[in-house]
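Data block below; observations after.
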Amino acid sequence: LLLQRSREAKAAAYCPYSRFARGAALTAGGQIFSGCNVENACYSLGMCAERTAIQKAVSEGHTSFKAMAIASDSEDDFIVPCGACRQVMREFGRDWDVYLTKPDGTYIIKRLEELLPLSFGPEDLRK
């Protein structure tokens with residue numbers, strides 16, 4: 001269901017510049033929060049699908065995540081989150097699953113700590 005919801009979210013992507021549609025779906029509190037990428041003519045103001053899903057979940061009071069699936073139309077490689085998204089994901093722990101998918105439905109699962117090793121997180125500010 002998580003993978004399906006990420007593909008559904010991809011359909012809503014606003015990406016007139018890159019034409020690289022992405023969708024993400026995140027589990028939190030027994031619910032699924034999805035998001036798509038939203039580009040802007042001022043490129044740096046765009047938002048990735050992963051961060052959109054996280055912000056939707058956080059805005060509804062959820063900060064404990066179990067898994068996220070990421071979808072795109074890229075058939076050659078499993079799609080991975082950008083560095084900025086990895087750091088935002090890390091804010092909410094490092095021990096959750098990230099499903100990296102292809103349009104044909106195949107996927108691999110990585111732990112967030114595999115995608116962002118030796119990371120910096122909230123607990124580092126308490127030292």
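Here the Cβ of each residue, glycine as well, is placed from N, Cα and C on the backbone.
According to TrEMBL, the feature domain 'CMP/dCMP-type deaminase' maps to 1-123. Positions annotated as substrate binding site by TrEMBL: Asn37, Val38, Glu39, Asn40, Ala41, Cys42, Tyr43. The Zn(2+) binding site annotation in TrEMBL covers Cys48, Cys82, Cys85. What TrEMBL records for Glu50 is active site, proton donor.
Here the features listed in TrEMBL are painted onto the structure.
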residue: Asn37; record: substrate binding site; Cβ neighbours (10 Å): 24
residue: Val38; record: substrate binding site; Cβ neighbours (10 Å): 16
residue: Glu39; record: substrate binding site; Cβ neighbours (10 Å): 18
residue: Asn40; record: substrate binding site; Cβ neighbours (10 Å): 12
residue: Ala41; record: substrate binding site; Cβ neighbours (10 Å): 8
residue: Cys42; record: substrate binding site; Cβ neighbours (10 Å): 7
residue: Tyr43; record: substrate binding site; Cβ neighbours (10 Å): 9
residue: Cys48; record: Zn(2+) binding site; Cβ neighbours (10 Å): 21
residue: Glu50; record: active site, proton donor; Cβ neighbours (10 Å): 27
residue: Cys85; record: Zn(2+) binding site; Cβ neighbours (10 Å): 25
Just jot down the residues in the same chain as Cys82 (Zn(2+) binding site), at least 6 apart in sequence, with C-beta under 8 A of its C-beta; none if empty.
-> Cys48
Apart from the site residues Cys48, Cys82, Cys85, the 8 Å Cβ neighbourhood of the Zn(2+) centroid comprises Ala49, Glu50, Arg51, Pro81, Gly83, Ala84, Arg86, Val88
Taking the mean position of the Cβ atoms of Asn37, Val38, Glu39, Asn40, Ala41, Cys42, Tyr43 as the substrate site, which residues outside that list, in the same chain, have a Cβ no more than 8 Å away, listed in sequence order?
-> Tyr14, Tyr17, Leu45, Gly46, Met47
At the Cα level, what's the spacing in Å between Cys85 (Zn(2+) binding site) and Val38 (substrate binding site), rounded?
-> 14
Cα-to-Cα gap, Asn37 (substrate binding site) vs Glu50 (active site, proton donor), nearest whole Å = 8
